Amino acid sequence: MLIPLLLLQLLRLLLLLLLLLLPLLLLLLLLLLLLLLLLLLLLLLLLLLLLLLLLLLLLLLLLPLLLLLLLLLLLLLLLLLLLLLLLLLLLLLLLLLLLLLLLLLLLQLLLRLLLLLLLLLLPLLLLLLLLLLLLLLLLLLLLLLLLLLLLLLLLLLLLLLLIRLLLLLLLLLLLLLLLLLLLLLLLLPLLLLLLLLLLLLLLLLLLLLLLLLLLLLLLLLLLLLLLFFLLRLL
């Protein structure tokens, strides 16, 4: 009677080991997305450096307006650096979340293997050990649920801050466009080049916002999977 039960338990353990591969694939996808975001930020920084060079060329002609543009561009650079730091922090939180999930699944597998060994070696002590292990597993699951809720709140706060930073970047770019339109009557060719660069920068920022939304969707999917696993364990 014990042999079919043990075989069934072993099959369940194999299925759980296969489920361990899913968070690793999600982690790889998130790393690729963050790498793409970093490349976009580097491209934005290069475009801003080109804008600074062009503004230095215009400095001899229109000094007050160009000084204002220079200040706005420096503020934009600072905001981009802050955005990069927030993305790195978000990546670290995601890695921590995935590591916690893997640790929980490995702990569950170890507990089940221990139960199988106890069924084979010590049948008389089975009931007591089973109750103790289940109690320990429930406590670990509760702690993990609390930790997941805290991580979810942190991720939501970080995403809100990223969205605010992107809105500030868009406002700064609009101000730059207005100032460039004021300069258009004086230096038309150079200002046309600046306008094209700023439009390209706006498109890249919109792409960055779309990638952040995609990252939010992936995070929600990962949290749903975690809740599904935890509900199955409970």
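Backbone N, Cα and C define each Cβ position, glycine as well.
What TrEMBL annotates here:
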TRANSMEM  12-36  transmembrane segment
TRANSMEM  43-67  transmembrane segment
TRANSMEM  73-106  transmembrane segment
TRANSMEM  113-135  transmembrane segment
TRANSMEM  141-162  transmembrane segment
DOMAIN    146-234  domain 'ABC transmembrane type-1'
TRANSMEM  169-192  transmembrane segment
TRANSMEM  198-231  transmembrane segment
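If one looks beyond the transmembrane segment (141-162) by at least 6 residues along the same chain, the residues whose Cβ comes under 8 Å of a Cβ in the stretch are 83, 86-87, 89-90, 93-94, 96-97, 100, 104, 212, 216, 219, 223, 226-227, 230, 233-234. Each residue in the domain 'ABC transmembrane type-1' (146-234) gets a DSSP state, and the totals come to 84 helix, 0 strand, 5 coil.
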